[in-house]
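Now, the feature entries from Swiss-Prot:
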- Asp116: active site, nucleophile (ACT_SITE)
- 546-557: compositional bias 'Basic residues' (COMPBIAS)
- 287-362: domain 'PUA' (DOMAIN)
- Ser450: phosphoserine (MOD_RES)
- Ser515: phosphoserine (MOD_RES)
- Ser539: phosphoserine (MOD_RES)
- 1-28: region 'Disordered' (REGION)
- 433-565: region 'Disordered' (REGION)
Amino acid sequence: MAEVDISHSKKKKQDKTENDAADTGDYMIKPQSFTPAIDTSQWPILLKNYDRLNVRTGHYTPISAGHSPLKRPLQEYIRYGVINLDKPANPSSHEVVAWIKRILRVEKTGHSGTLDPKVTGNLIVCIDRATRLVKSQQGAGKEYVCVARLHSAVPDVAKVARALESLTGAVFQRPPLISAVKRQLRIRTIYESKLLEYDADRHLVVFWVSCEAGTYIRTMCVHLGLLLGVGGHMQELRRVRSGILGENNNMVTMHDVMDAQFVYDNSRDESYLRRVIMPLEMILTSYKRLVVKDSAVNAICYGAKLMIPGLLRFENDIDVGTEVVLMTTKGEAIAVGIAEMTTSVMATCDHGVVAKIKRVVMDRDTYPRKWGLGPRASMKKKLIADGKLDKHGKPNEKTPVEWSRNVVLPTGGDAIIAGAAAAPEEIKADAENGEAGEARKRKHDDSSDSPAPVTTKKSKTKEVEGEEAEEKVKSSKKKKKKDKEEEKEEEAGSEKKEKKKKKDKKEEVIEEVASPKSEKKKKKKSKDTEAAVDAEDESAAEKSEKKKKKKDKKKKNKDSEDDEE
(Lines of atoms letter the chains of each structure in order from A and count residues from 1; the text may use other names and numbers.)
(Lines give C-alpha, C1' and ligand atoms only; values in the text may rest on other atoms or scores of the structure.)
Protein backbone atom coordinates (compact mmCIF):
# COMPACT_ATOMS: atom_id res chain seq x y z
CA MET A 1 0.00 0.00 0.00
CA ALA A 2 2.83 2.33 0.90
CA GLU A 3 4.45 1.68 -2.50
CA VAL A 4 1.16 2.51 -4.27
CA ASP A 5 0.86 5.82 -2.36
CA ILE A 6 4.46 6.76 -3.24
CA SER A 7 3.85 6.10 -6.96
CA HIS A 8 0.60 8.17 -6.79
CA SER A 9 2.43 11.13 -5.27
CA LYS A 10 5.19 10.89 -7.91
CA LYS A 11 2.60 10.99 -10.72
CA LYS A 12 0.92 14.07 -9.17
CA LYS A 13 4.28 15.86 -8.93
CA GLN A 14 5.04 15.07 -12.59
CA ASP A 15 1.61 16.39 -13.69
CA LYS A 16 2.15 19.61 -11.71
CA THR A 17 5.59 20.23 -13.21
CA GLU A 18 4.21 19.62 -16.73
CA ASN A 19 1.33 22.08 -16.13
CA ASP A 20 3.74 24.69 -14.72
CA ALA A 21 5.98 24.30 -17.76
CA ALA A 22 3.00 24.74 -20.08
CA ASP A 23 1.94 27.86 -18.17
CA THR A 24 5.41 29.36 -18.24
CA GLY A 25 5.62 28.57 -21.94
CA ASP A 26 2.33 30.45 -22.58
CA TYR A 27 3.31 33.55 -20.60
CA MET A 28 6.94 33.82 -21.65
CA ILE A 29 7.92 36.95 -23.61
CA LYS A 30 8.83 35.68 -27.05
CA PRO A 31 11.70 37.28 -29.00
CA GLN A 32 10.15 39.29 -31.88
CA SER A 33 11.44 41.80 -34.42
CA PHE A 34 8.08 43.65 -34.61
CA THR A 35 5.51 45.05 -32.17
CA PRO A 36 2.57 42.65 -31.83
CA ALA A 37 -0.75 44.16 -32.93
CA ILE A 38 -3.50 44.60 -30.34
CA ASP A 39 -6.94 43.38 -31.38
CA THR A 40 -9.21 46.41 -30.80
CA SER A 41 -12.14 45.21 -32.92
CA GLN A 42 -14.12 44.44 -29.72
CA TRP A 43 -13.31 47.72 -27.93
CA PRO A 44 -16.40 49.85 -27.16
CA ILE A 45 -17.93 52.68 -29.22
CA LEU A 46 -15.32 55.28 -30.35
CA LEU A 47 -12.35 53.12 -29.30
CA LYS A 48 -13.30 50.39 -31.79
CA ASN A 49 -10.40 49.65 -34.20
CA TYR A 50 -8.25 52.15 -32.27
CA ASP A 51 -5.07 50.44 -33.53
CA ARG A 52 -5.93 51.38 -37.13
CA LEU A 53 -5.64 55.10 -36.40
CA ASN A 54 -2.49 56.92 -37.56
CA VAL A 55 -0.14 57.73 -34.68
CA ARG A 56 1.09 61.32 -34.45
CA THR A 57 2.83 60.70 -31.10
CA GLY A 58 2.53 58.24 -28.23
CA HIS A 59 3.95 60.58 -25.57
CA TYR A 60 1.43 62.19 -23.23
CA THR A 61 0.70 62.34 -19.49
CA PRO A 62 -2.49 60.44 -18.59
CA ILE A 63 -4.80 62.33 -16.20
CA SER A 64 -7.08 60.45 -13.82
CA ALA A 65 -10.05 62.77 -14.56
CA GLY A 66 -12.97 61.67 -16.75
CA HIS A 67 -14.60 58.26 -17.20
CA SER A 68 -14.98 55.71 -19.96
CA PRO A 69 -18.47 56.23 -21.53
CA LEU A 70 -19.87 52.88 -20.31
CA LYS A 71 -18.42 53.27 -16.79
CA ARG A 72 -19.59 56.78 -15.92
CA PRO A 73 -21.41 57.26 -12.58
CA LEU A 74 -25.17 56.79 -13.15
CA GLN A 75 -26.22 60.45 -12.90
CA GLU A 76 -23.46 61.48 -15.31
CA TYR A 77 -24.30 58.48 -17.54
CA ILE A 78 -27.92 59.72 -17.82
CA ARG A 79 -26.81 63.34 -18.49
CA TYR A 80 -24.62 62.16 -21.38
CA GLY A 81 -27.21 59.66 -22.67
CA VAL A 82 -29.46 59.04 -25.68
CA ILE A 83 -32.48 56.73 -26.05
CA ASN A 84 -33.39 54.99 -29.31
CA LEU A 85 -37.14 55.13 -28.69
CA ASP A 86 -39.93 53.31 -30.55
CA LYS A 87 -42.49 56.12 -30.67
CA PRO A 88 -46.08 54.96 -30.08
CA ALA A 89 -48.94 56.10 -32.34
CA ASN A 90 -51.22 59.05 -31.37
CA PRO A 91 -49.06 61.24 -29.06
CA SER A 92 -46.89 63.84 -30.83
CA SER A 93 -43.08 63.73 -30.73
CA HIS A 94 -42.96 66.71 -28.34
CA GLU A 95 -45.37 65.04 -25.91
CA VAL A 96 -43.28 61.85 -25.86
CA VAL A 97 -40.07 63.79 -25.21
CA ALA A 98 -41.74 65.78 -22.40
CA TRP A 99 -42.92 62.52 -20.75
CA ILE A 100 -39.37 61.09 -20.82
CA LYS A 101 -38.06 64.31 -19.28
CA ARG A 102 -40.58 63.93 -16.44
CA ILE A 103 -39.93 60.18 -15.95
CA LEU A 104 -36.12 60.51 -15.77
CA ARG A 105 -36.28 63.82 -13.82
CA VAL A 106 -33.75 65.58 -16.06
CA GLU A 107 -33.39 69.23 -17.08
CA LYS A 108 -33.50 68.99 -20.89
CA THR A 109 -34.53 66.58 -23.62
CA GLY A 110 -34.56 66.83 -27.41
CA HIS A 111 -35.34 64.60 -30.40
CA SER A 112 -33.88 63.77 -33.80
CA GLY A 113 -36.77 64.94 -35.99
CA THR A 114 -40.53 65.30 -35.59
CA LEU A 115 -42.81 62.37 -36.42
CA ASP A 116 -46.52 62.94 -37.08
CA PRO A 117 -48.83 61.74 -34.25
CA LYS A 118 -50.05 58.66 -36.17
CA VAL A 119 -46.52 57.69 -37.29
CA THR A 120 -44.56 55.14 -35.25
CA GLY A 121 -40.93 54.07 -35.15
CA ASN A 122 -37.46 55.37 -34.53
CA LEU A 123 -37.15 58.59 -32.48
CA ILE A 124 -33.74 59.40 -30.97
CA VAL A 125 -34.26 61.19 -27.64
CA CYS A 126 -31.22 63.15 -26.37
CA ILE A 127 -30.86 63.89 -22.64
CA ASP A 128 -29.21 66.99 -21.05
CA ARG A 129 -25.69 67.37 -22.53
CA ALA A 130 -26.54 65.15 -25.49
CA THR A 131 -29.11 67.75 -26.68
CA ARG A 132 -26.13 69.55 -28.21
CA LEU A 133 -26.09 66.86 -30.90
CA VAL A 134 -29.78 67.22 -31.81
CA LYS A 135 -29.12 69.47 -34.83
CA SER A 136 -26.71 66.99 -36.40
CA GLN A 137 -29.26 64.17 -35.93
CA GLN A 138 -32.14 66.20 -37.35
CA GLY A 139 -30.17 66.77 -40.57
CA ALA A 140 -29.22 63.07 -40.94
CA GLY A 141 -30.86 60.80 -43.53
CA LYS A 142 -33.99 58.80 -42.69
CA GLU A 143 -35.53 55.48 -43.77
CA TYR A 144 -39.27 54.62 -43.77
CA VAL A 145 -41.62 51.73 -44.52
CA CYS A 146 -44.91 53.02 -45.89
CA VAL A 147 -48.33 51.56 -46.77
CA ALA A 148 -50.05 53.57 -49.54
CA ARG A 149 -53.63 53.05 -50.74
CA LEU A 150 -54.36 53.53 -54.46
CA HIS A 151 -57.84 54.81 -55.38
CA SER A 152 -58.43 52.13 -58.04
CA ALA A 153 -56.85 48.88 -59.24
CA VAL A 154 -53.57 48.77 -61.16
CA PRO A 155 -53.32 45.22 -62.55
CA ASP A 156 -49.63 45.34 -63.48
CA VAL A 157 -47.19 45.15 -60.54
CA ALA A 158 -44.27 46.11 -62.80
CA LYS A 159 -46.00 49.42 -63.56
CA VAL A 160 -46.16 50.21 -59.81
CA ALA A 161 -42.47 49.30 -59.41
CA ARG A 162 -41.48 51.55 -62.36
CA ALA A 163 -43.53 54.47 -61.01
CA LEU A 164 -41.87 54.08 -57.59
CA GLU A 165 -38.42 53.91 -59.19
CA SER A 166 -39.08 57.13 -61.12
CA LEU A 167 -39.61 58.93 -57.79
CA THR A 168 -35.89 58.77 -56.90
CA GLY A 169 -33.36 61.61 -57.02
CA ALA A 170 -34.24 65.29 -56.51
CA VAL A 171 -38.02 65.73 -56.26
CA PHE A 172 -40.22 68.84 -55.93
CA GLN A 173 -42.42 68.68 -52.83
CA ARG A 174 -44.99 70.95 -51.22
CA PRO A 175 -45.90 70.21 -47.56
CA PRO A 176 -49.32 68.53 -47.09
CA LEU A 177 -52.48 70.55 -46.39
CA ILE A 178 -52.37 69.61 -42.71
CA SER A 179 -48.83 70.65 -41.74
CA ALA A 180 -47.19 72.89 -39.16
CA VAL A 181 -44.96 74.71 -41.67
CA LYS A 182 -45.47 77.21 -44.48
CA ARG A 183 -46.53 75.42 -47.67
CA GLN A 184 -43.63 76.46 -49.90
CA LEU A 185 -42.33 74.41 -52.81
CA ARG A 186 -39.05 72.71 -51.87
CA ILE A 187 -36.60 70.19 -53.31
CA ARG A 188 -35.84 66.97 -51.41
CA THR A 189 -33.63 64.03 -52.44
CA ILE A 190 -34.94 60.45 -52.38
CA TYR A 191 -31.86 58.21 -52.37
CA GLU A 192 -33.47 54.80 -52.90
CA SER A 193 -36.87 53.08 -52.86
CA LYS A 194 -37.99 49.43 -53.05
CA LEU A 195 -41.41 47.89 -53.65
CA LEU A 196 -41.89 45.34 -50.85
CA GLU A 197 -45.44 44.16 -51.55
CA TYR A 198 -48.49 44.96 -53.70
CA ASP A 199 -52.05 43.83 -52.95
CA ALA A 200 -54.08 44.32 -56.17
CA ASP A 201 -57.40 43.37 -54.47
CA ARG A 202 -57.18 45.95 -51.69
CA HIS A 203 -55.13 48.44 -53.81
CA LEU A 204 -52.36 48.57 -51.16
CA VAL A 205 -48.68 49.26 -51.91
CA VAL A 206 -45.99 48.56 -49.30
CA PHE A 207 -42.60 50.15 -50.04
CA TRP A 208 -39.32 51.05 -48.32
CA VAL A 209 -37.69 54.45 -48.94
CA SER A 210 -34.37 56.05 -47.95
CA CYS A 211 -34.52 59.84 -48.17
CA GLU A 212 -33.15 63.20 -47.09
CA ALA A 213 -34.28 64.79 -43.81
CA GLY A 214 -37.48 66.82 -44.32
CA THR A 215 -38.99 64.61 -47.05
CA TYR A 216 -42.80 64.27 -46.89
CA ILE A 217 -43.76 60.62 -47.49
CA ARG A 218 -47.44 61.66 -47.54
CA THR A 219 -46.69 63.89 -50.57
CA MET A 220 -44.69 61.07 -52.16
CA CYS A 221 -47.74 58.74 -51.94
CA VAL A 222 -49.89 61.38 -53.69
CA HIS A 223 -47.25 61.67 -56.45
CA LEU A 224 -47.18 57.86 -56.82
CA GLY A 225 -50.97 57.85 -57.36
CA LEU A 226 -50.66 60.63 -59.95
CA LEU A 227 -47.93 58.75 -61.86
CA LEU A 228 -50.11 55.62 -61.96
CA GLY A 229 -53.09 57.71 -63.07
CA VAL A 230 -55.40 56.43 -60.33
CA GLY A 231 -54.66 58.71 -57.37
CA GLY A 232 -53.49 57.60 -53.95
CA HIS A 233 -52.83 58.55 -50.31
CA MET A 234 -50.74 57.38 -47.35
CA GLN A 235 -52.33 54.73 -45.12
CA GLU A 236 -49.59 53.95 -42.56
CA LEU A 237 -45.99 54.99 -41.93
CA ARG A 238 -43.13 53.75 -39.76
CA ARG A 239 -39.61 55.18 -39.49
CA VAL A 240 -37.09 52.34 -39.40
CA ARG A 241 -33.84 54.35 -39.25
CA SER A 242 -32.74 57.85 -38.22
CA GLY A 243 -29.09 58.71 -38.88
CA ILE A 244 -27.04 55.66 -37.88
CA LEU A 245 -29.52 54.20 -35.35
CA GLY A 246 -32.16 51.81 -36.64
CA GLU A 247 -34.72 49.31 -35.33
CA ASN A 248 -31.99 46.77 -34.48
CA ASN A 249 -29.80 49.18 -32.48
CA ASN A 250 -31.15 48.74 -28.93
CA MET A 251 -34.61 50.21 -29.66
CA VAL A 252 -36.76 50.54 -26.50
CA THR A 253 -40.37 51.49 -25.75
CA MET A 254 -41.86 54.03 -23.35
CA HIS A 255 -42.69 51.14 -20.98
CA ASP A 256 -39.01 50.17 -20.83
CA VAL A 257 -38.04 53.70 -19.78
CA MET A 258 -40.72 53.80 -17.05
CA ASP A 259 -39.86 50.32 -15.75
CA ALA A 260 -36.11 51.01 -15.70
CA GLN A 261 -36.60 54.16 -13.60
CA PHE A 262 -39.05 52.31 -11.31
CA VAL A 263 -36.56 49.44 -10.75
CA TYR A 264 -33.77 51.89 -9.91
CA ASP A 265 -35.95 53.90 -7.52
CA ASN A 266 -37.13 50.81 -5.62
CA SER A 267 -34.19 48.38 -5.72
CA ARG A 268 -31.24 50.66 -6.66
CA ASP A 269 -30.47 48.34 -9.59
CA GLU A 270 -28.79 50.38 -12.35
CA SER A 271 -28.50 47.61 -14.94
CA TYR A 272 -31.94 48.08 -16.59
CA LEU A 273 -31.53 51.88 -16.79
CA ARG A 274 -28.03 51.51 -18.27
CA ARG A 275 -29.43 49.10 -20.88
CA VAL A 276 -32.25 51.47 -21.89
CA ILE A 277 -30.02 54.58 -22.11
CA MET A 278 -26.94 54.57 -24.38
CA PRO A 279 -23.91 56.92 -24.21
CA LEU A 280 -24.08 59.84 -26.66
CA GLU A 281 -20.88 58.53 -28.29
CA MET A 282 -23.09 55.91 -30.02
CA ILE A 283 -24.44 58.51 -32.46
CA LEU A 284 -20.93 59.84 -33.25
CA THR A 285 -19.41 56.55 -34.45
CA SER A 286 -19.88 57.52 -38.12
CA TYR A 287 -17.59 60.59 -37.77
CA LYS A 288 -13.84 60.62 -38.45
CA ARG A 289 -11.91 60.55 -35.15
CA LEU A 290 -9.15 62.75 -33.73
CA VAL A 291 -7.63 61.59 -30.42
CA VAL A 292 -6.60 64.47 -28.14
CA LYS A 293 -4.07 64.59 -25.28
CA ASP A 294 -5.58 64.76 -21.77
CA SER A 295 -3.80 68.07 -21.13
CA ALA A 296 -5.56 69.72 -24.12
CA VAL A 297 -9.11 68.52 -23.30
CA ASN A 298 -10.20 71.37 -21.01
CA ALA A 299 -8.87 74.04 -23.36
CA ILE A 300 -11.09 72.59 -26.13
CA CYS A 301 -14.06 72.56 -23.71
CA TYR A 302 -13.48 76.33 -23.30
CA GLY A 303 -13.56 76.76 -27.10
CA ALA A 304 -9.88 76.59 -28.11
CA LYS A 305 -8.94 75.18 -31.51
CA LEU A 306 -7.11 71.87 -31.61
CA MET A 307 -3.44 72.47 -32.51
CA ILE A 308 -0.83 69.96 -33.71
CA PRO A 309 0.90 69.57 -30.28
CA GLY A 310 -2.39 68.37 -28.74
CA LEU A 311 -3.00 65.62 -31.34
CA LEU A 312 -2.24 61.97 -30.53
CA ARG A 313 -3.95 59.92 -33.28
CA PHE A 314 -6.01 60.67 -36.37
CA GLU A 315 -8.02 58.77 -38.96
CA ASN A 316 -7.36 58.27 -42.69
CA ASP A 317 -9.12 60.19 -45.51
CA ILE A 318 -9.75 63.42 -43.59
CA ASP A 319 -10.14 66.44 -45.89
CA VAL A 320 -10.36 70.15 -45.09
CA GLY A 321 -13.95 70.92 -44.04
CA THR A 322 -14.76 67.34 -42.96
CA GLU A 323 -16.79 67.07 -39.75
CA VAL A 324 -14.76 65.18 -37.14
CA VAL A 325 -15.26 64.08 -33.54
CA LEU A 326 -12.59 65.02 -31.00
CA MET A 327 -12.20 62.29 -28.38
CA THR A 328 -10.11 61.55 -25.29
CA THR A 329 -7.87 58.52 -24.78
CA LYS A 330 -10.68 56.99 -22.65
CA GLY A 331 -13.11 57.16 -25.58
CA GLU A 332 -15.17 60.18 -24.43
CA ALA A 333 -16.45 62.65 -27.01
CA ILE A 334 -15.15 66.18 -26.32
CA ALA A 335 -16.61 68.10 -29.25
CA VAL A 336 -17.68 67.99 -32.87
CA GLY A 337 -15.28 69.99 -35.05
CA ILE A 338 -14.41 70.89 -38.63
CA ALA A 339 -11.02 69.73 -39.93
CA GLU A 340 -8.57 72.45 -41.01
CA MET A 341 -5.94 69.96 -42.28
CA THR A 342 -5.88 66.84 -44.39
CA THR A 343 -4.56 63.52 -43.05
CA SER A 344 -1.25 63.90 -44.93
CA VAL A 345 -0.66 67.41 -43.54
CA MET A 346 -1.38 66.20 -39.98
CA ALA A 347 1.27 63.51 -40.43
CA THR A 348 3.99 65.85 -41.74
CA CYS A 349 3.34 69.33 -40.28
CA ASP A 350 4.75 70.30 -36.87
CA HIS A 351 2.56 73.35 -36.18
CA GLY A 352 -0.85 74.81 -37.05
CA VAL A 353 -4.57 74.34 -36.42
CA VAL A 354 -5.85 70.78 -36.86
CA ALA A 355 -9.57 71.47 -36.31
CA LYS A 356 -11.84 74.30 -35.23
CA ILE A 357 -14.71 73.57 -32.84
CA LYS A 358 -18.31 73.42 -34.08
CA ARG A 359 -20.10 72.17 -30.93
CA VAL A 360 -18.63 71.32 -27.52
CA VAL A 361 -20.27 68.30 -25.83
CA MET A 362 -18.20 67.77 -22.68
CA ASP A 363 -18.72 69.91 -19.56
CA ARG A 364 -16.05 72.46 -18.73
CA ASP A 365 -13.56 71.52 -15.99
CA THR A 366 -14.27 67.78 -16.32
CA TYR A 367 -10.50 67.64 -16.87
CA PRO A 368 -8.14 70.04 -15.00
CA ARG A 369 -6.81 73.20 -16.64
CA LYS A 370 -3.40 72.65 -18.15
CA TRP A 371 -2.82 75.94 -19.96
CA GLY A 372 -0.99 78.95 -18.50
CA LEU A 373 1.67 76.84 -16.78
CA GLY A 374 4.66 77.87 -18.91
CA PRO A 375 7.38 80.40 -17.94
CA ARG A 376 5.77 83.25 -19.91
CA ALA A 377 2.31 82.73 -18.38
CA SER A 378 3.67 82.35 -14.83
CA MET A 379 5.68 85.59 -15.28
CA LYS A 380 2.50 87.35 -16.41
CA LYS A 381 0.58 86.11 -13.34
CA LYS A 382 3.38 87.37 -11.08
CA LEU A 383 3.32 90.83 -12.73
CA ILE A 384 -0.48 91.01 -12.32
CA ALA A 385 -0.14 90.05 -8.64
CA ASP A 386 2.56 92.75 -8.13
CA GLY A 387 0.37 95.37 -9.86
CA LYS A 388 2.81 95.81 -12.76
CA LEU A 389 0.06 94.73 -15.19
CA ASP A 390 -3.65 95.47 -14.85
CA LYS A 391 -6.14 92.72 -13.98
CA HIS A 392 -6.62 91.88 -17.69
CA GLY A 393 -2.85 91.46 -18.21
CA LYS A 394 -2.44 94.73 -20.14
CA PRO A 395 0.54 97.09 -19.55
CA ASN A 396 0.23 100.10 -17.23
CA GLU A 397 2.62 102.80 -15.89
CA LYS A 398 4.49 100.30 -13.68
CA THR A 399 5.06 97.72 -16.44
CA PRO A 400 8.77 96.85 -16.94
CA VAL A 401 10.34 98.00 -20.24
CA GLU A 402 11.39 94.46 -21.17
CA TRP A 403 7.81 93.14 -20.91
CA SER A 404 6.23 96.02 -22.83
CA ARG A 405 8.88 95.75 -25.58
CA ASN A 406 7.98 92.09 -26.12
CA VAL A 407 4.21 92.50 -25.81
CA VAL A 408 3.22 95.91 -27.21
CA LEU A 409 3.91 96.17 -30.94
CA PRO A 410 2.65 98.91 -33.29
CA THR A 411 -0.22 98.02 -35.60
CA GLY A 412 0.16 98.18 -39.36
CA GLY A 413 1.66 94.97 -40.63
CA ASP A 414 4.94 93.12 -40.62
CA ALA A 415 6.92 95.95 -42.26
CA ILE A 416 6.16 98.42 -39.46
CA ILE A 417 6.78 95.78 -36.80
CA ALA A 418 10.10 94.91 -38.43
CA GLY A 419 11.05 98.60 -38.58
CA ALA A 420 10.08 99.08 -34.94
CA ALA A 421 12.12 96.03 -33.99
CA ALA A 422 15.15 97.28 -35.97
CA ALA A 423 15.07 100.88 -34.62
CA PRO A 424 15.96 100.10 -30.98
CA GLU A 425 19.00 98.11 -32.16
CA GLU A 426 20.55 101.23 -33.75
CA ILE A 427 19.87 103.22 -30.59
CA LYS A 428 21.40 100.41 -28.56
CA ALA A 429 24.49 100.43 -30.82
CA ASP A 430 24.92 104.22 -30.34
CA ALA A 431 24.46 103.82 -26.61
CA GLU A 432 27.00 101.02 -26.54
CA ASN A 433 29.48 103.18 -28.49
CA GLY A 434 28.91 106.02 -26.01
CA GLU A 435 29.40 103.68 -23.07
CA ALA A 436 32.54 102.30 -24.71
CA GLY A 437 33.88 105.85 -25.16
CA GLU A 438 33.20 106.66 -21.51
CA ALA A 439 34.90 103.43 -20.47
CA ARG A 440 37.93 104.36 -22.59
CA LYS A 441 38.10 107.78 -20.95
CA ARG A 442 37.94 106.18 -17.53
CA LYS A 443 40.68 103.76 -18.54
CA HIS A 444 42.72 106.70 -19.81
CA ASP A 445 42.29 108.56 -16.53
CA ASP A 446 43.21 105.45 -14.56
CA SER A 447 46.18 104.78 -16.79
CA SER A 448 47.48 108.35 -16.35
CA ASP A 449 47.61 107.75 -12.60
CA SER A 450 49.25 104.32 -13.04
CA PRO A 451 53.05 104.10 -13.53
CA ALA A 452 53.01 101.66 -16.52
CA PRO A 453 53.72 103.71 -19.70
CA VAL A 454 53.17 100.87 -22.22
CA THR A 455 49.51 100.39 -21.38
CA THR A 456 48.83 104.14 -21.63
CA LYS A 457 50.28 104.26 -25.16
CA LYS A 458 48.10 101.35 -26.25
CA SER A 459 45.01 102.90 -24.75
CA LYS A 460 45.82 106.23 -26.42
CA THR A 461 46.29 104.62 -29.81
CA LYS A 462 42.98 102.74 -29.39
CA GLU A 463 41.20 105.96 -28.42
CA VAL A 464 42.69 107.81 -31.38
CA GLU A 465 41.64 105.01 -33.75
CA GLY A 466 38.12 104.98 -32.28
CA GLU A 467 37.80 108.77 -32.57
CA GLU A 468 39.05 108.68 -36.17
CA ALA A 469 36.52 105.98 -37.05
CA GLU A 470 33.70 108.01 -35.47
CA GLU A 471 34.82 111.17 -37.33
CA LYS A 472 34.88 109.22 -40.62
CA VAL A 473 31.34 107.94 -40.03
CA LYS A 474 30.09 111.44 -39.15
CA SER A 475 31.81 113.03 -42.17
CA SER A 476 30.33 110.37 -44.50
CA LYS A 477 26.86 111.07 -43.10
CA LYS A 478 27.31 114.82 -43.57
CA LYS A 479 28.47 114.28 -47.17
CA LYS A 480 25.40 112.17 -47.90
CA LYS A 481 23.11 114.86 -46.45
CA LYS A 482 24.81 117.58 -48.52
CA ASP A 483 24.51 115.50 -51.69
CA LYS A 484 20.80 114.95 -51.05
CA GLU A 485 20.22 118.68 -50.42
CA GLU A 486 22.08 119.60 -53.62
CA GLU A 487 20.00 117.12 -55.63
CA LYS A 488 16.80 118.58 -54.20
CA GLU A 489 17.92 122.13 -55.07
CA GLU A 490 18.78 121.06 -58.63
CA GLU A 491 15.35 119.45 -59.05
CA ALA A 492 13.64 122.58 -57.72
CA GLY A 493 15.67 124.80 -60.13
CA SER A 494 14.79 122.62 -63.13
CA GLU A 495 11.08 122.79 -62.24
CA LYS A 496 11.22 126.61 -62.05
CA LYS A 497 12.93 126.78 -65.47
CA GLU A 498 10.21 124.60 -67.01
CA LYS A 499 7.50 126.85 -65.58
CA LYS A 500 9.19 129.96 -67.01
CA LYS A 501 9.41 128.35 -70.47
CA LYS A 502 5.69 127.52 -70.36
CA LYS A 503 4.82 131.12 -69.41
CA ASP A 504 6.95 132.48 -72.29
CA LYS A 505 5.15 130.19 -74.75
CA LYS A 506 1.78 131.45 -73.50
CA GLU A 507 2.77 135.08 -73.92
CA GLU A 508 3.96 134.41 -77.49
CA VAL A 509 0.62 132.81 -78.32
CA ILE A 510 -1.30 135.77 -76.85
CA GLU A 511 0.76 138.38 -78.80
CA GLU A 512 -0.24 136.94 -82.22
CA VAL A 513 -2.41 139.12 -84.51
CA ALA A 514 -6.14 138.78 -83.78
CA SER A 515 -8.18 137.56 -86.77
CA PRO A 516 -11.31 135.30 -86.74
CA LYS A 517 -9.26 132.24 -87.88
CA SER A 518 -6.22 133.08 -85.80
CA GLU A 519 -8.46 133.56 -82.73
CA LYS A 520 -9.79 129.99 -83.10
CA LYS A 521 -6.25 128.62 -83.52
CA LYS A 522 -5.16 130.74 -80.60
CA LYS A 523 -7.93 129.31 -78.42
CA LYS A 524 -6.97 125.75 -79.39
CA LYS A 525 -3.29 126.41 -78.69
CA SER A 526 -4.11 128.12 -75.42
CA LYS A 527 -6.28 125.12 -74.42
CA ASP A 528 -3.41 122.70 -75.21
CA THR A 529 -0.94 124.80 -73.26
CA GLU A 530 -3.38 125.36 -70.38
CA ALA A 531 -3.82 121.59 -69.98
CA ALA A 532 -0.11 121.27 -69.24
CA VAL A 533 0.10 124.30 -66.87
CA ASP A 534 -1.09 124.61 -63.25
CA ALA A 535 -4.53 125.96 -62.32
CA GLU A 536 -3.10 129.28 -61.14
CA ASP A 537 -1.37 129.93 -64.48
CA GLU A 538 -4.63 129.14 -66.34
CA SER A 539 -6.57 131.77 -64.41
CA ALA A 540 -3.86 134.40 -65.11
CA ALA A 541 -3.93 133.65 -68.87
CA GLU A 542 -7.73 133.93 -69.01
CA LYS A 543 -7.63 137.33 -67.29
CA SER A 544 -5.03 138.68 -69.74
CA GLU A 545 -7.11 137.45 -72.72
CA LYS A 546 -10.23 139.16 -71.39
CA LYS A 547 -8.32 142.44 -70.96
CA LYS A 548 -7.02 142.31 -74.55
CA LYS A 549 -10.49 141.60 -75.91
CA LYS A 550 -11.85 144.59 -74.03
CA LYS A 551 -9.10 146.80 -75.46
CA ASP A 552 -9.81 145.53 -78.99
CA LYS A 553 -13.52 146.24 -78.55
CA LYS A 554 -12.78 149.75 -77.32
CA LYS A 555 -10.50 150.40 -80.34
CA LYS A 556 -13.17 149.14 -82.76
CA ASN A 557 -15.80 151.34 -81.12
CA LYS A 558 -13.51 154.37 -81.45
CA ASP A 559 -12.81 153.59 -85.14
CA SER A 560 -16.53 153.29 -85.89
CA GLU A 561 -17.22 156.63 -84.14
CA ASP A 562 -14.48 158.30 -86.21
CA ASP A 563 -15.99 156.89 -89.45
CA GLU A 564 -19.44 158.21 -88.53
CA GLU A 565 -18.07 161.67 -87.85
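Glycine is treated like the rest: Cβ placed from N, Cα and C.
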Take every residue in the domain 'PUA' (287-362), average their pLDDT values, and give the whole-number result.
92
Determine how many residues of the domain 'PUA' (287-362) DSSP places in helix, in strand and in coil.
17 helix, 31 strand, 28 coil
Give me the long-range Cβ neighbours of Asp116 (active site, nucleophile): same chain, 6+ apart, Cβ under 8 Å, in sequence order.
Ser92, Leu237
